[in-house]
Amino acid sequence: MFEIKKICCIGAGYVGGPTCSVIAHMCPEIRVTVVDVNESRINAWNSATLPIYEPGLKEVVESCRGTNLFFSTDIDAAIKEADLVFISVLSNPEFLAEGTAIKDLKNPDRVLIGGDETPEGQKAVRALSAVYEHWVPKEKILTTNTWSSELSKLAANAFLAQRISSINSISALCEATGADVEEVATAIGMDQRIGNKFLKASVGFGGSCFQKDVLNLVYLCEALNLPEVARYWQQVIDMNDYQRRRFASRIIDSLFNTVTDKKIAILGFAFKKDTGDTRESSSIYISKYLMDEGAHLHIYDPKVPREQIVVDLSHPGVSEDDQVSRLVTITKDPYEACDGAHAVVICTEWDVFKELDYERIHKKMLKPAFIFDGRRVLDDLHSELQTIGFQIETIGKKVSSKRIPYAPSSEIPKFSLQDPPNKKPRV
């Protein structure tokens, strides 16, 4: 059987970098070269400060970089020397979750390899299977035709996104009835037919994969004249958009129907904890809706660089003209972000937010002081926070028994819960 000695991976991003780093780490006899046209990104991979944050990634890279793992901009040379080129030869979809990508790569649920049903295609499938067999049991390596492989990837992410949108729809019902969505999720998750994974209600899912893959599925269905199926999966995206708008509307309503010129602290900008990735982060959309209402945002995230936040919020579909320069301040300290704020809005479930000194924060906030927990990270602290004096609003549960009354405005809000977001995702 043909043996692979040199691998070239085109693209040094969130998938290519970690995946090929782990391959090099687990297969010391294989030379792995990751190439990219972005010279600054390659320079970062070759430095002490990697271009992406992922728990365990730095240790893996440093264990084999310069030995059998290389990062380069010389794409042509790497391709010519390679026995196998990732993304160009066959379908090998990843099923990584950011924040646990290294663990997922070292101990995957399955590895899926799809190839053409030709002698050449099957030869490539066997060769790549042999690479993974260095550390993955054979029974976990699935081989299929190319279409099955690609659709499996889309369907897996669509099913996961569907579960999140499903529990988020129930969270709206819980808030209206007095139920607690966490208790509901626990009850239904104990049903072995359903399971308890991906039943965490929140301000909405983000990341590069869920929305993209669901929309790819919608596009395929429309192209193949399956409109009913397309509409079914489109509703998963629509519910996610609705959850974000609903949360932003709740912030505005609670702050006496206006956030104009009010300081609001946004804690967390990454789409989930343990990553610096902001792609399709719900924080972007919440920030957009609040900026549209004239709020002054002070944003803190422990891993997202200032430049990335500015780029995301300056997107033409998110802000206009000088909105970001006028309304957004990015801080390196969570207490600074909360100092003098009318409200604290938690958009990412970073563990550090559970450990903040909320008594200190409350003393320096304007009163009444509000906390809007979009990730249910402060559930165990509700009684303590209310004793301090906070008004608590969270997803899928009524917390404040004595809500401060406000007079509803007769004005129609600038955005509707039924309106689609201005930033239209591209398929």
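Backbone N, Cα and C define each Cβ position, glycine as well.
Automated prediction, rather than curation, is the source of TrEMBL annotations.
Lifted from TrEMBL, the feature list:
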type	residues	note
ACT_SITE	C209	active site, nucleophile
BINDING	G11, A12, G13, Y14, V15, G16, D36, R41, E98, C209, F210, Q211, K212, R279	NAD(+) binding site
BINDING	94-98, 153-157, R193, 200-206, 271-272, R375	substrate binding site
DOMAIN	265-380	domain 'UDP-glucose/GDP-mannose dehydrogenase C-terminal'
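Features as recorded by TrEMBL, highlighted on the structure.
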residue : record                 : contacts (Cβ under 8 Å, 6+ apart)
G13     : NAD(+) binding site    : D36, R41, I52
A97     : substrate binding site : D104
E98     : NAD(+) binding site    : Y14, E54, G207, F271, K272, D274, T275, D277
L154    : substrate binding site : D213, V214, N216, L217, L220
N157    : substrate binding site : C209, F210, D213, V214
Next item on the list: Count the residues of the domain 'UDP-glucose/GDP-mannose dehydrogenase C-terminal' (265-380) that DSSP assigns to helix (H, G, I), to strand (E, B) and to coil, and report the three numbers in that order.
Entry: 42 helix, 19 strand, 55 coil
Margin query: Around the C-beta of V15 (NAD(+) binding site), how many further C-beta atoms are within 10 angstroms, looking at every protein chain?
Written below: 19
Checklist line | Rounded Cα-Cα span from G204 (substrate binding site) to V15 (NAD(+) binding site), Å | finding: 23
Next item on the list: Write down the Cα-Cα distance for K212 (NAD(+) binding site) and A201 (substrate binding site), rounded and given in Å.
Entry: 20
Check: Which Cβ among the binding-site residues (G11, G204) has the fewest C-beta neighbours inside 10 Å?
Finding: G11
Checklist line | F210, F271 as binding-site residues, winner by CB count within 10 A | finding: F271
Notebook entry, point to check: For K212 (NAD(+) binding site), what is the tally of other C-beta atoms lying within 10 angstroms of its C-beta?
Noted result: 17
Check: Rounded to the nearest angstrom, how far is the Cα of G204 (substrate binding site) from the Cα of G11 (NAD(+) binding site)?
Finding: 28
Next item on the list: Taking the Cβ of A201 (substrate binding site) as the centre, count every other Cβ atom within 10 Å, in any protein chain shown.
Entry: 28
Item checked: Inter-residue Cα distance where the pair is K212 (NAD(+) binding site) and G204 (substrate binding site), in Å -> 15
